[in-house]
Amino acid sequence: MPKTSSAKPGRLSSKFWKLLGASTERNQARSLSEVKGAADFEKKAADLDDEQLTKAAKLLKLEDLAGASDITQFLAIAREAAERTTGLRPFDVQLLAALRMLAGDVVEMATGEGKTLAGAIAAAGYALGGRRVHVITINDYLARRDAEWMGPLLKALGLTVGWITADSTADERREAYQCDVTYASVNEIGFDVLRDQLVTDVADLVSPNPDVALIDEADSVLVDEALVPLVLAGTSHREQPRVEIIRMVGELEAGKHYDTDAESRNVHLTEAGARVMEAKLGGIDLYSEEHVGTTLTEINVALHAHVLLQRDVHYIVRDDAVHLINASRGRIASLQRWPDGLQAAVEAKEGIETTETGEVLDTITVQALINRYPRVCGMTGTALAAGEQLRQFYKLGVSPIPPNTPNIRKDEPDRVYITAAAKIDAIVEHIAEVHKTGQPVLVGTHDVAESEELHEKLLKAGVPAVVLNAKNDAEEAAVIAEAGKLGAVTVSTQMAGRGTDIRLGGSDVGDDDAEKKKVAELGGLHVVGTGRHHTERLDNQLRGRAGRQGDPGSSVFFSSWEDDVVAAHLERSKLPMETDPDAGDGRIIAPRAASLLDHAQRVAEGRLLDVHANTWRYNQLIAQQRAIIVERRETLLRTDTAREELKERSPERYAKLAEELGEDAEERLEKICRLIMLYHLDRGWCEHLAFLADIRESIHLRALGRQNPLDEFHRMAVDAFASLAADAIEAAQQTFETAESVADEPGVDLSKLARPTSTWTYMVHDNPLADDTMSALSLPGVFR
């Protein structure tokens with residue numbers, strides 16, 4: 001249940017910190033003493049001119065950050081440089097946050113407390129110690145904004161800074177990665193890693209070896225999007241799903257031909273439904289060996305598209321295209337697709353021409369991408385609530401940073417209603433009442449459909465509201481920045497504009513401005529939530545929009561017994577239904593309503609953690625297999641292993657080619673062998689990924705034969721991978737033996753080794769309906 005006010009945290013036991021995955025108080029106390037010690041050097045730093053300040057920074061000994069004697073001097077120099085270059089003088093709590101990130105923690109800092117500056121100081125500390133730092137953001141807009149904003153500070157400390165966005169060329173990316181500090185979105189860093197797995201010459205590599213990852217909005221990247229696969233795809237001639245099957249499935253009746261579970265996460269054919277589909281398809285047997293992995297899979301995918309995926313909730317249709325909605329950010333995800341057939345099935349369902357799926361050349365989850373870095377740290381407004389996941393999956397601790405000014409936001413108890421309709425009516429009435437006073441209101445909705453419905457009702461009620469749910473990041477930031485203006489009413493999905501402060505009175509209003517004072521007198525920003533999320537952390541992110549840097553503010557959440565989090569996790573028969581008959585608004589008056597909401601949310605959080613853990617075990621298998629492929633590929637790319645192996649396997653062919661190629665035969669043969677070996681390794685990995693995707697789509701059917709789907713998936717995946725190495729080397733030897741000599745470079749005809757004519761990158765949507773429960777065990781040393 002939300003507290004009525006937020007205050008500065010008191011002393012908590014070391015055991016409590018550990019339970020939350022937080023650093024112990026002893027470490028916090030040491031960092032605090034170092035921050036206080038920086039005051040002894042502030043006058044010396046202030047007396048230095050700009051050139052001397054840069055030299056002083058470069059002379060610091062920060063290689064061993066844990067025991068660095070110069071850390072207090074670094075803090076003083078960084079504070080002085082920040083004030084000179086950005087006009088912002090870091091508070092003690094910002095320096096404390098930087099120190100805890102330098103210790104390898106994720107810090108929790110309230111909205112408006114200056115995470116961007118604290119992160120830049122931490123990045124500078126790592127870079128001055130000789131580390132290469134990637135500051136990882138949730139989108140391109142923030143990557144470029146923060147690099148340009150914090151760039152002068154980093155340059156004043158003698159460091160180089162770069163940024164990468166989707167528009168950056170390969171040369172621009174290489175240049176940015178060569179900088180001491182590089183700002184980039186998690187997507188772009190991941191896509192660069194994937195694209196590097198296609199190069200056949202070391203000179204074409206873009207992404208450097210990972211060193212330090214400093215993650216902004218760490219809970220969003222490390223938890224909400226941890227299991228989202230980033231994908232590199234290439235042109236192929238794979239068959240598209242049959243439109244007639246998708247049309248037939250659309251004619252089936254709920255409850256008669258198919259059933260869904262209580263949470264609407266899964267759908268399956270009934271016996272009657274199976275008979276209908278078999279008849280429509282010419283009397284086939286869906287469960288025969290011929291159709292169980294093909295036709296039945298297509299039907300199941302079409303069922304998911306028709307029944308479980310809802311327009312304006314999971315996706316929108318715009319400009320004759322299906323655009324997915326990112327569940328954790330509540331906004332359009334332009335780079336995301338559903339895997340293979342599901343994307344095409346939704347497009348066919350909406351009467352849109354199906355887009356080319358291509359074949360997956362390589363893939364990596366966000367979690368596996370981040371785990372490549374030897375050092376990971378980060379910052380967010382809601383880290384403690386994600387402490388268990390951060391500890392379990394990344395071995396990260398959490399450091400809560402006290403606010404510079406105590407938080408005086410007032411969080412009202414939930415208002416609970418019997419029906420969703422009654423709840424929406426109450427929300428509109430409440431917003432209209434608050435709007436009459438001029439107090440700005442920010443409304444957080446769960447999806448696009450809800451935000452548009454609420455916006456329409458507000459307009460009918462005479463409330464001029466702005467709806468924000470599907471614009472680009474820069475436009476989102478501009479609109480959100482004005483949500484604190486006098487009389488503003490902004491309806492927004494959960495994550496829209498995250499990373500942008502909401503200043504009372506508007507973005508261009510100073511602290512002493514009359515309009516800011518007027519808004520503060522009215523109570524500051526008022527946040528309205530249209531229902532509990534599946535995790536309290538997301539609720540707190542929304543609440544945290546109000547009460548910035550000691551400003552007044554308030555929040556209230558409206559819920560109903562029909563909300564997803566309640567309907568999926570509480571028995572309706574046990575819910576209190578008492579309402580005030582005089583009010584007639586459907587509001588529940590039972591005192592235990594709020595505690596029931598808390599319980600439903602805790603159950604939801606537990607299930608999400610279980611899904612994350614189970615899916616993580618499945619993804620670990622692919623990550624381990626991919627690591628073996630990457631290691632093998634690096635060896636082939638950077639050494640003469642390919643030439644030596646083919647020379648050993650085909651000595652006569654090698655000798656003949658060496659004679660034909662003349663003086664520079666060894667150099668040319670090294671290139672020829674490398675191209676052949678890399679091609680067949682990449683081809684084998686691509687086909688292996690396609691095999692894994694195929695067995696995943698039908699692995700649950702193993703349960704019909706009383707087999708454990710998880711064990712079966714593991715067995716099949718490991719068996720297939722074990723033969724990948726031998727098959728790739730054998731295919732390479734065959735190509736080497738049969739390739740004809742030519743006069744042109746490289747000396748033999750390799751035209752049959754054609755790579756995709758075009759490639760593209762995308763994210764596989766973090767499907768809220770998925771419930772993967774795969775496992776991973778040890779892998780054989782297939783290339784050893």
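Heads up, the Cβ atoms here are built off N, Cα and C, so glycines get one too.
The following features are taken from Swiss-Prot:
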BINDING   Gln94, Gly112, Glu113, Gly114, Lys115, Thr116, Asp501  ATP binding site
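All protein chains included, Thr116 (ATP binding site) registers 20 other Cβ atoms within 10 Å of its own Cβ. Cβ atoms within 8 Å of the centroid of the Cβ atoms of Gln94, Gly112, Glu113, Gly114, Lys115, Thr116, Asp501 (the ATP site) belong to the same-chain residues Met109, Thr111, Leu117, Ala118, site residues excluded. Cβ contacts within 10 Å of Gly114 (ATP binding site), excluding its own Cβ and spanning all protein chains shown: 23. Every protein chain shown contributes to the tally, and the Cβ of Lys115 (ATP binding site) ends up with 26 other Cβ atoms within 10 Å.
The Cβ of Gly112 (ATP binding site) has Asp501, Arg548, Gln549, Asp551 as same-chain neighbours under 8 Å, each 6 or more residues away in sequence.
Ranking the binding-site residues Glu113, Asp501 by how many Cβ atoms sit within 10 Å of each one's Cβ puts Glu113 at the top.
If you compare every pair of Cα atoms in Gln94, Gly112, Glu113, Gly114, Lys115, Thr116, Asp501, the residues listed for ATP, the longest distance is 16 angstrom.
With a 10 A radius on its CB, Gln94 (ATP binding site) counts 30 other CB atoms from all the protein chains.
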